[in-house]
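Participant: My questions will all concern the structure given below.
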Amino acid sequence: MINLSLPSPANLVPPPPNTLNPSRQKTPPTQTLKNPNFEHLKNRLIHQASVGHLRQAISTLDLMTQQGLTPDLFTYSLLLKSSIRTRQFHLGKLVHARLSESQLEPDSVSLNSLISLYSKNSDWVTANTIFENMGERRDVVSWSAMISCFSHNDMESKAISTFVKMLEFGEYPNQFGFAAVIRACSNAENAWIGDVIFGSVIKTGYFESDVCIGCALIEMFAKGSGDFDSAKKVFDRMPDKNSVPWTLMITRYSQMGNRKEAVELFINMVESGYMPDKFTFTSLVSACAELGLLSFGQQLHAQVVKYGLAFDVCVGCSLVDMYAKCAEDGSMVNSRKVFDLIPDHNVISWTSIITGCGQSGKHSKEAIELYCRMIDDQVLPNHFTFSSLFKACSNLSDPDTGEQIYAHVVKMGLAAVNCVGNALISMYARSGRMEDARKAFDILFEKNLVSYNTIVDGCTKNIDSNEAFGVFHQIEDTGFVLDSFTFASLLSGAASIGAVAKGEQIHARLLKAGFESNQHIANTLVSMYSRCGNMEAALRVYSKMERLNVVSWTSIITGLAKHGFATRALEMFQEMLNAGIKPNEVTYIAVLSACSYVGMIDEGWKHFNSMYKEYGISPRMEHYACMVDLLGRSGFLEEAMQLINSMPFEADALVWRTLLGACRVHGNIALGKQAAEMVIEKEPNDSAGYILLSNLYASVGQWNEVAEIRKTMKKKNLGKEAGSSWIEIENTVHKFHVGDTSHPQAEEIYKELDQLVTVIKEVGYVPDTSSVLQDVEDEQKEEFLLQHSEKIAVTFGLINTSKPKRITVFKNLRVCGDCHNAMKYISMVKEREIVLRDSNRFHHFKNGICSCNDYW
């Protein structure tokens with residue numbers, strides 16, 4: 001049985017100490033008759049309170065009591081309401097103290113005002129004490145104020161239970177009580193309760209007449225259950241809409257990812273004659289930022305100026321963000337102009353411009369400089385500021401500066417905040433410092449799914465897939481529900497080492513989790529299968545996708561190009577254009593690479609020239625590198641050099657390395673030496689330029705020059721990356737180095753390899769000793785060729801698998817000419833398909849033929 005007896009009246013909660021005038025003596029109440037001075041002072045107090053001059057009004061109150069004139073409860077209620085309206089809560093507490101000193105018996109009106117005062121000041125404990133002590137003086141306003149107090153202070157369960165108690169005590173809710181409890185149901189946990197209350201609201205008729213209830217219902221459906229259809233039905237049925245529900249719908253659409261609907265609703269709002277406010281514009285501009293609608297965002301900016309909101313901090317911050325995200329060239333010029341116009345910068349405006357600089361990737365140094373200015377202006381950063389700064393440090397690969405910033409984080413007590421810790425983990429991971437990333441992860445007090453995803457992503461990007469899969473199992477143990485980002489990172493990890501079996505396991509898991517229709521996941525699957533050498537599986541996933549975006553098309557075109565199916569890749573590109581999908585910069589890299597892999601010079605020039613002419617895409621360094629590669633592979637070295645000289649910006653090491661590689665293939669010493677000098681100038685601490693030049697000299701027998709380069713590298717302490725190959729057998733990756741004898745099956749492998757070489761020699765294989773770039777005898781060169789890691793890995797695969805299983809091997813460097821030739825013969829005599837992925841592309845060997853047609 002529920003006890004429905006009302007609590008007996010009790011004394012009012014003691015007021016806070018008198019902070020304005022501690023020496024003020026308590027004045028006993030005095031009977032006030034008709035007194036002209038009393039009326040004059042009371043009228044003055046009422047005027048002061050009504051215009052928000054609360055301190056003067058309290059001074060007038062004190063003057064009245066000093067003169068023996070006792071203010072009535074109406075006066076105190078007026079002062080309390082004024083303090084709530086102007087959000088001067090500290091003065092409201094002072095009025096509470098004066099009321100307690102007056103020895104007047106508070107009525108329900110003044111007590112309800114006190115509940116609202118402490119509620120809005122986030123002091124729910126005092127508000128609840130006042131409410132509990134009211135006893136029979138509680139009315140529907142008291143109950144509604146208390147429900148609202150709990151709801152506003154994130155105590156949803158308490159708000160709902162108070163609503164139920166109100167009904168048990170026989171008090172029927174008004175529109176304010178309904179609105180407050182519905183707000184408490186605006187989360188996934190309580191949305192079902194909101195549905196029940198919604199039925200009561202319909203019966204009362206408040207739904208048709210009260211805007212506050214309509215807005216609360218919109219909030220409940222949109223935020224609580226993600227049911228935008230019901231939210232829109234509530235909105236459409238509201239008879240007396242003002243700009244508040246319009247703005248609320250636009251804001252929720254924007255925040256919950258329905259940004260196109262937000263833009264459409266805004267247009268309807270303006271056409272319907274409603275005036276947008278700063279909240280409307282803030283939400284709309286944010287939607288434009290996410291959709292990349294720069295033109296519409298600029299139109300909104302013009303409206304912002306028209307409505308006199310250009311100097312509002314919130315609107316200004318959203319404009320800063322919009323211009324940063326929508327600038328095609330990554331420029332921050334317009335963002336800086338908007339930022340500089342904001343008159344009073346706070347932590348939000350500083351953080352928005354720092355975030356904009358960091359996210360573009362091109363202005364990360366400027367982000368750090370802005371942070372220094374922010375500190376000089378004595379504006380304290382928050383956790384979002386630090387998260388953006390760590391991203392900027394990641395872009396700069398500057399963990400040292402990041403560590404200095406982290407010292408500020410610790411000093412401000414923000415080290416335990418998830419987003420800060422996650423950003424720190426990401427910074428270390430992106431800088432290649434996985435040990436520090438792991439430490440940052442381990443000391444994070446409360447890890448969330450983002451924390452786990454960040455360390456998984458860091459592991460995969462640093463080619464540590466075993467660690468990534470280990471963290472994956474930890475996530476399962478924690479009980480977190482895996483999201484699409486987790487699966488995408490794991491698929492990338494599988495792709496990075498060619499672990500197709502692991503990729504297939506993850507594929508099965510994500511199907512079970514219901515992510516098969518997720519476009520991002522599907523795109524990652526296409527990439528994973530193609531990078532693991534299984535182009536057929538990649539095409540199957542691609543063909544089942546219901547929706548294709550530019551990433552989908554680019555992924556399949558890239559895969560086909562890497563596997564040497566250039567004609568099919570270019571056909572796909574044309575299908576993409578016919579489907580009305582606009583290519584991006586990455587798409588064109590895939591298309592130009594496809595042309596390069598098969599020497600389609602005219603086709604390459606056609607697409608290179610169409611980039612800007614037809615789609616407004618200015619060629620980047622990577623596009624020029626593709627064209628240099630295309631020309632260089634085909635032997636047009638002078639033309640490649642002319643293209644480099646005609647570039648609108650200075651060529652980087654990538655372009656010069658590409659030319660140097662072509663010079664190595666075609667034996668052009670003079671041009672190769674020039675290209676090598678440029679590579680070394682651009683990247684003096686990278687061994688790649690020295691090694692390529694050394695190989696070039698070795699290929700034409702200039703061993704003295706080779707020796708000099710090796711001496712130089714030794715002086716600079718520059719090492720050469722060791723060649724390695726790996727193969728996945730029964731979900732285990734086996735890795736081999738040149739001349740590797742550490743594997744348990746080493747003896748068996750070399751015995752099989754000796755026999756294999758004997759067999760393929762009988763059918764025409766001749767060792768290509770020119771691939772050995774060392775000054776030794778030919779017999780020894782043949783021995784060196786036998787020890788190449790890809791031959792060892794393929795032999796291991798032949799021993800441990802049976803027909804007709806395909807053998808897929810991965811190598812970290814470019815495959816040498818001898819191994820390429822040997823693979824063709826092995827595929828023929830063993831009647832096995834061999835797939836070899838080197839640092840550049842895939843080679844499919846079948847029946848003595850390679851998919852690259854010996855052009856790589």
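Glycine is treated like the rest: Cβ placed from N, Cα and C.
Pulled from TrEMBL, these are the listed features:
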- 1-11: compositional bias 'Low complexity' (COMPBIAS)
- 24-35: compositional bias 'Polar residues' (COMPBIAS)
- 764-856: domain 'DYW' (DOMAIN)
- 1-35: region 'Disordered' (REGION)
- 139-173: repeat 'PPR' (REPEAT)
- 242-276: repeat 'PPR' (REPEAT)
- 346-381: repeat 'PPR' (REPEAT)
- 448-482: repeat 'PPR' (REPEAT)
- 518-548: repeat 'PPR' (REPEAT)
- 549-583: repeat 'PPR' (REPEAT)
- 584-619: repeat 'PPR' (REPEAT)
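Describe each of these features in terms of where it is and what it packs against.
Facilitator: Residues 2, 4, 6, 108, 111-112, 115-116, 118-120, 122, 124, 127-128, 131, 179-181, 183-185, 187, 189-190, 193, 197 of the same chain, all 6+ positions outside the repeat 'PPR' (139-173), place their C-beta atoms under 8 angstroms from a C-beta of that stretch.
Per-residue pLDDT, averaged over the repeat 'PPR' (242-276), rounds to 83.
Same-chain neighbours of the repeat 'PPR' (346-381): 313-314, 316-318, 320-321, 323-325, 327, 330, 332, 335-336, 339, 388-389, 391-393, 395-396, 401, 405, 408, 412, counting only residues six or more beyond its ends whose CB sits under 8 Å from a CB of the stretch.
Within the chain, the repeat 'PPR' (584-619) has long-range Cβ neighbours (under 8 A, six or more residues past its boundaries) at 550, 553-554, 557-558, 560-562, 564, 566-567, 569-570, 573, 576, 626-627, 629-631, 633-634, 636, 841, 852-853, 855-856.
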Participant: Excluding the flanking five residues on each side, which residues at least 6 beyond the ends of the repeat 'PPR' (242-276) place their CB within less than 8 Å of a CB in that stretch?
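Facilitator: Same-chain contacts beyond the ends: 211, 214-215, 218-219, 222-223, 226, 228, 231-232, 235, 283-284, 286-288, 290-291, 293, 296, 303, 307.
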Participant: Checking distant contacts: for the repeat 'PPR' (448-482), what same-chain residues at least six beyond its ends satisfy Cβ-Cβ under 8 A?
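Facilitator: Sequence-distant neighbours of the repeat 'PPR' (448-482): 418-419, 421-422, 425-426, 428-430, 432, 434, 437-438, 441, 489-490, 492-494, 496-497, 499, 502, 509, 513.
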